[in-house]
Amino acid sequence: MNFNLALFKVDHLSNFVGIFIVFFSLLIIFYSLGFMNQKKRLVQYYSYVILTLLASLGAVFSNHLILFTVFWGFLGLLLYLLIGFGERNRTSYTGKKAFIIIGGTDALMILGLALVWKLSGSFEMDKVSIALNSKLAIAAYLCLAAGALAKAGAMPFHTWVPDMAEDAPVPVTSLLPASLDKLLGIYFLARITLDMFQMSALMNTVLMFLGSFTIMAGVMMALVQHDLKKLLGYHAVSQVGYMILGIGTGNPVGIAGGLFHMLNNAIYKSCLFLSGGSVEKVAGTTDLNKLGGLVRAMPMTFLSFLIASLAISGVPPFNGFASKWMIYQGIIETAKSGGWLWIVWLVAAMFGSALTLASFMKLIHTVFLGQPSQEVKSQGDKIHEAGLPMLIPTVVLAGLCVVFGVFARELPLKIFIIPSLKQAVAFFGIWNASLSTVLIVIGILAGCLIYFLGLAAKSRRTDSFVGGEDLKDFPDMRLSGTEFYSTIEELGILKYIYRLAERKAFDIYEVGAKIVFGFNQWLRYLHHGVLPTYLAWCLLGMGILFYILLIR
Amino acid sequence: MIYIGYLIVFGCCLTAVLGLFTSWVDRKVTARVQYRVGPPVLQPVFDVIKLLGKETLIPDGASKLTFLAAPVVGLSSVILVSTILWMNVIHPQQTFLGDLIVVLYLLTVPSMSIIMGGFASGNPLASIGSSREMKLILSYELPFVLAILVPVIHSHYSIRLGDILNMQSGSGVIIGNFSGSIAFIVALLCVQAKLGLVPFDMPEAETEIIGGPFVEYSGAGLAIFRLMKNMLLFVMPFFLMILFMGGIRFDGIHIFNALLKYLGTVALITVIRNTNPRVRIDQALRFFWGPMTVLAIIAIILAYRGW
């Protein structure tokens, strides 16, 4: 037995993930100062958050798989405890669900560890290198990947993310599923995919299929949600698809794109959740039907939310576009080795990003623009911009969306992403974001010039024109935006899929629970409390035992 | 610096002039179809100048900054797209990899700016129009992406517009292939929707929701939106020409050829718009996700077989 174990190891990849874990944790602790005040059990809350930070760092820097699993399991427990700070009735149920899904996949991971030990005889990440050529190796990879995917919230282990987004407090959602869990899950997926296993073409295809499916299914569900936080939760699922897709391409550009997208997603998704939290704090609800017209009260929150939603929809020149562009490039690279599946992946990714844009346009309309609802109007002057501790993190994150987009090549790619890859990434000529930004700015200047030529200064406020009616007489004449996409909901086969999804037919937890309870139902007949039956069973069992032990 | 030069000369000025001219062609042809005389050549220019002279009205309940910024953002992205396209035509070798994707994404920005402008105006009619525009984007995006993959497959999986152009100048235009012509038809109908022309003008639908997102715009804001739409009327056919018809070449008879191709595409768009009634948004959704997507997939399969 070799006792010279390398328990911890620092390399470029873990360094880069570690830096951002600390960054996000600090921002969210700062945000919590504003959001969580006047709540109970604050000492516990902050200590759990700090423990989460420490456990994540431990997981990222550990090189020994057993140690890694310990930190990883600890994170699952902290997730459960942190969800408990939510104030809705369903919170305990949601916490249990998240804990069971995460815990169940952790069990799979431990099984995977045993298989890794059997295959390679080592638990140290940097010494394991397994070729995916036997069934056992494939099983080991899938077990470990299941743990990573559940943590990141990819299909089919995604269902805890939207539920918890709805029920847990916003800083917790923003800390765990939106940023740290994504970083960790994709970090581990990258570790096993790039270092510990030598990927086969088949396994790459499986990953890419999972990625595309996650993108499409997640975003289609997001499209029809009626709750701000739940909608964002489904996007937290859908975006994982891009990262898995990028890593699944197996070529350097795609992998770099996947890792870059992991970073970008953490930035804009936390920003979205935190701005959503500000809205919740100020307006007292996240029900989309009861929001509207908040832009005049909360201009800065609106601006951050707008930038982050443009970034997540992949609008140039924000950061989401830079990483998506690299992932597309990676997908098209795979086309050169033959096959036609790349078309499916590419269309899923590109169309998925149009759907993302659509659902964020809906959000922007229903929450910030559009006509204010009765509830918002009745609160009147009570609605105002969020306090500084809540505003600063959102604005910082929105600023990062712009900086990482415009200087994609100079800053994040050069400092963090490219060094983390073992291979050199060949960029044949790249989307030059800085130049394009300069050009966009010139275009905007040209537009402003036209305004200047016109008489923009001579502006006048008027009432809205609604065919001669007066809007003030009809307070109900407003479009809340929740029904924007009911056309799509009612379309052909989609109608049936949405109905099934509403009944939670695709929820691995609900389906699993049904199967388990179905067995229970059956077993319950044996336990009806009648003594003679139990005695009969005992006799029967004894008879069988005697038969096996004595007579045979 | 050379890029900025291209931007100002080709992206802004030339595209604006050609766009306004195209808009005149469109209006003239429409007038002739309807047995009218039609406007003089400079009418689109006069329209924009007239709008610049009007005062800007900002509706109550609007978000002023978003309302005024939306047209400018849309215009600047059209300018950027046209600059990229012109650079590709002039120097097919010097462009960057993946510009096709950049162009595709930038082309959704004008529609997005219309949506944002409509939302920001705080008018219920504008909200309805904007939501239709968003659904329209969703519907045409799927077949449009599929149709654009056909030239990509023909040019050996290159997503550089310059490579697609080179391939076509070497071995014939893509529309000459069976798969290319099917994909062109699909893409043309998608462009029709992207430009918001009949039969896919339900976001504006003057007779129903009074211009949708534009209902509250006046003065300079409306002028910029007008200019943006006119420039798109040039940029979209130009984009299709690059993808399917070998773009524009600047030697001898080719200039005349390019002009013919361009006017042909524009005439096709105008004729479609003049001979069809407006459809409902769910009909458009069904049309694009159903027959158009199937047609685009057939085109891709044919392209794979080398037809």
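Glycine is no exception: its Cβ is also placed from the backbone N, Cα and C atoms.
Taken from TrEMBL as is:
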TRANSMEM  B:6-25  transmembrane segment
TRANSMEM  B:65-88  transmembrane segment
TRANSMEM  B:100-120  transmembrane segment
TRANSMEM  B:140-159  transmembrane segment
TRANSMEM  B:171-191  transmembrane segment
TRANSMEM  B:231-248  transmembrane segment
TRANSMEM  B:254-272  transmembrane segment
TRANSMEM  B:284-304  transmembrane segment
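Simply put, out of B:171-191, B:231-248, B:254-272, B:284-304, B:231-248 has the most Cβ pairs sitting under 8 Å from the transmembrane segment (B:65-88). Stretch with the most C-beta contacts under 8 angstroms to the transmembrane segment (B:284-304), considering only B:6-25, B:171-191, B:254-272: B:171-191.
The transmembrane segment (B:254-272) shares more Cβ pairs under 8 Å with B:231-248 than with any other stretch in the list B:6-25, B:100-120, B:171-191, B:231-248.
Nonlocal intrachain contacts for the transmembrane segment (B:231-248), taken as residues 6+ away from its ends with a CB within less than 8 angstroms of a stretch CB, comprise 15-16, 18-19, 21-23, 26, 75, 78-79, 81-82, 85, 88-89, 103, 107, 110, 148, 151, 161, 164-165, 168-169, 173-175, 180, 183-184, 187-188, 191, 194-195, 254-255, 258, 261-262, 265-266, 269. Within the chain carrying the transmembrane segment (B:140-159), a Cβ under 8 angstroms from the stretch's Cβ atoms is held by residues 97-101, 104, 108, 166-168, 174, 177, 179-180, 182-184, 186-187, 189-190, 193-194, 200, 243-244, 288-289, 292-293, 295-297, 299-300, 303-304, all 6 or more beyond its ends.
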